[in-house]
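Under the heading region 'Disordered', TrEMBL lists A:1-20. Annotation comment: TrEMBL describes A:31-51, A:71-90, A:102-125, A:137-161, A:168-189, A:222-243, A:255-271, A:317-340 as transmembrane segment.
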């Protein structure tokens with residue numbers, strides 16, 4: 001019965017076969033028995049050999065590193081989202097945010113300052129905000145700005161670029177402008193039907209223990225987002241191992257290509273937003289504007305975030321939203337970087 | 001995902017994090033030392049969540065037992081199973097029963113879908129089991145050989161005079177700075193001692209290497225010092241090298257070769273925190 005829930009189709013097929021076996025031994029049963037005895041061992045040896053390859057080991061290390069690094073922040077984010085869902089009445093948000101959606105967007109973007117942590121935490125929180133009646137545009141502005149403008153990340157940026165406070169300022173400005181622009185873009189072009197209904201964040205229901213609601217929501221969101229985190233970590237690890245860093249030098253010459261290239265690199269590397277300033281600082285062959293683009297795009301769009309968003313809001317949304325965000329973020333960082341840096 | 005699978009996953013994930021951060025120091029293969037308290041707290045929290053889920057539920061609190069799914073996919077799953085010979089009707093009957101005996105506020109089955117933990121959550125078992133039973137080693141020569149040498153930070157102040165010790169224990173970062181930035185050429189003729197692992201190089205010599213990370217192993221950068229004068233030990237061996245600067249380029253400028261002529265190479269144990277550019281002990 002367990003399989004029925006995991007994958008209905010497979011379970012159905014197995015059920016059929018099980019019924020057949022019940023009537024008598026299948027043909028060639030000694031062969032099948034032999035196969036059953038040998039195949040798993042053989043597979044184990046082959047898989048074991050492959051896992052010891054240096055490239056596969058490096059892949060496993062990077063994949064686990066991304067997962068282990070993100071898990072505490074994912075827990076923080078899902079706990080917050082569970083708490084918002086269970087303990088905060090919807091009226092709080094309607095009182096805190098301006099009634100006009102166009103005004104709520106920048107306010108929510110600036111409110112991103114209060115969520116310390118990296119981008120994994122912001123996706124579940126944004127999802128629960130939408131569930132509590134916050135207009136999606138404002139929640140998305142929060143989703144985009146929170147990982148980039150919080151004090152932890154800005155401090156890390158200041159440490160990574162000693163003696164150039166304008167880099168911190170440029171990062172703050174470009175991230176806020178991108179977040180607000182994406183919020184307004186959603187108001188203008190966004191369609192509700194791209195969003196998967198977030199019915200599960202139904203808030204507190206009378207007659208239920210708030211504590212159990214909190215625990216259940218927390219647990220559900222964590223397992224859900226955790227699975228997608230693993231997908232994203234695997235994708236990021238693949239690029240990390242498959243693309244040697246020496247490729248970078250080929251692109252550092254041209255100013256425009258280098259901006260686009262570092263933005264693309266931020267997407268595939270999926271470095272957490274608290275560390276990306278150090279990575280950007282180490283990419284010393286590139287122009288400051290290109291490095292700014294790396295730090296603005298990274299916390300907003302990357303493989304693990306796309307996977308998390310696809311899981312939380314649905315694939316139709318994640319694809320459109322990430323593509324648009326990447327374009328807006330590159331334009332904003334080029335414009336602001338051009339003025340400030 | 002069934003309830004016992006959720007419990008198992010939560011508890012295993014918690015134990016995996018505790019194993020890697022509290023009982024061993026394997027977490028240092030993936031992240032920085034400062035993550036330890038966060039990892040331990042997360043591990044405890046996950047075990048706690050799993051235990052709370054496993055605890056027998058009190059009546060009235062619980063409308064969303066994961067077994068009693070009311071999402072369409074799951075119900076379809078039950079029906080398929082039903083059609084294919086699970087004639088007891090157990091699963092289906094239970095989800096009906098939940099609808100009848102529920103808390104009376106199931107507006108169309110919404111609001112109760114915390115049971116809908118998607119299949120993708122099963123993927124979490126991979127890193128969790130890997131952490132518990134089959135942790136990969138820290139990044140080594142494979143990664144180092146594919147990365148260009150890290151550009152070390154520019155020392156803003158003047159360099160302090162070098163200590164008198166000989167051989168002089170020094171980090172790969174400081175050696176690189178001294179060779180490429182110290183105009184006083186204090187490193188010239190000095191015997192230095194550095195520890196790192198071996199990465200093979202094209203041409204003459206080999207690299208003494210350290211991989212350093214700023215947050216996790218995904219953002220690793222590599223420090224390399226080329227070693228001349230001895231045959232290359234096996235890749236990934238940790239060694240301590242005593243040697244003097246290998247002349248090449250103008251010392252004190254960026255043209256200077258980051259290299260040593262080795263006098264003595266000894267094998268050492270692998271440090272537990274491999275991603276920190278530390279001075280050799282002793």
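Keep in mind that glycine also has a Cβ here, set from the backbone N, Cα and C atoms.
All annotation found in TrEMBL is predicted automatically rather than curated by experts.
When each of the listed stretches A:71-90, A:102-125, A:137-161, A:317-340 is scored by C-beta pairs under 8 angstroms to the transmembrane segment (A:168-189), A:137-161 comes out highest.
Beyond its flanks by at least six residues, the transmembrane segment (A:71-90) meets 115, 117-118, 120-125, 127-129, 131-133, 201-204, 210-211, 213-218, 221-222, 225-226, 229, 272 of its own chain at Cβ-Cβ distances under 8 Å. Residues 140, 144, 166, 169-170, 173-174, 177-178, 181-182, 185, 194-196, 259-260, 263, 267, 288-289, 292-293, 295-297, 300-301, 305-306, 309-310 of the same chain lie 6 or more positions beyond the ends of the transmembrane segment (A:317-340) yet place their CB under 8 Å from a CB of it.
Sequence-distant contacts of the transmembrane segment (A:222-243) (same chain, at least 6 residues past either end, Cβ-Cβ under 8 Å): 55, 58-60, 62-64, 66-67, 70-71, 74-75, 77-78, 120, 123-124, 268-270, 302-308, 310-312.
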